[in-house]
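Participant: Mind having a look at this structure? Questions to follow.
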Amino acid sequence: MAGRRGDSEQQLLTPVRIIKILYQSNPYPKPEGTRQARRNRRRRWRARQRQIREISQRVLSSCLGRSTEPVPLQLPPLERLSLNCDEDSGQGTEGELGSPQIPVEPDTVLGSGDKE
């Protein structure tokens with residue numbers, strides 16, 4: 001069983017080292033030459049940075065076995081959402097400051113959405 005933990009750490013460090021080498025291979029351009037030459041060098045540098053970023057995402061997804069994209073969050077339908085404040089959710093304090101909330105129908109606050 002010895003060495004198991006090191007294997008997983010090595011498996012995680014390998015893609016990190018590859019990505020580090022990729023970024024180090026593309027240093028920021030030197031600020032010399034005419035304005036147009038500097039602009040062109042920066043433009044080419046940004047294009048290379050985009051390519052490195054894409055390659056890095058591919059390396060991570062292939063080495064770690066999962067996508068780098070975040071998992072989409074499932075939200076309830078808008079029809080089920082409300083602005084009702086009279087429901088006690090159990091959060092907050094006992095002695096809240098200010099006047100009590102007056103329950104209002106959402107249609108009166110938001111309107112029907114029709115232009116007058």
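The backbone N, Cα and C atoms fix where each Cβ goes, and this holds for glycine too.
Pulled these features from Swiss-Prot for this protein:
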- 36-49: compositional bias 'Basic residues' (COMPBIAS)
- Ser8: phosphoserine (MOD_RES)
- Ser99: phosphoserine (MOD_RES)
- 18-26: region 'Homomultimerization' (REGION)
- 25-49: region 'Disordered' (REGION)
- 82-116: region 'Disordered' (REGION)
- 34-50: motif 'Nuclear localization signal and RNA-binding (RRE)' (MOTIF)
- 73-84: motif 'Nuclear export signal and binding to XPO1' (MOTIF)
Participant: Could you count the residues of the region 'Disordered' (25-49) that DSSP puts in helix, in strand and in coil?
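Facilitator: Counting residues by DSSP class gives 15 helix, 0 strand, 10 coil.
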Participant: Count the residues of the motif 'Nuclear export signal and binding to XPO1' (73-84) that DSSP assigns to helix (H, G, I), to strand (E, B) and to coil, and report the three numbers in that order.
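Facilitator: Tallied per class, the motif 'Nuclear export signal and binding to XPO1' (73-84) gives 3 helix, 0 strand, 9 coil.
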Participant: Measure the Cβ-based neighbour count of Ser8 (phosphoserine), defined as the other Cβ atoms within 10 Å of its Cβ.
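Facilitator: There are 9 of them.
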Participant: Summarise the model confidence on the region 'Homomultimerization' (18-26) as a single mean pLDDT, whole number.
Facilitator: 93
Participant: Need the DSSP three-state call for Ser8 (phosphoserine) to compare against my parser.
Facilitator: helix
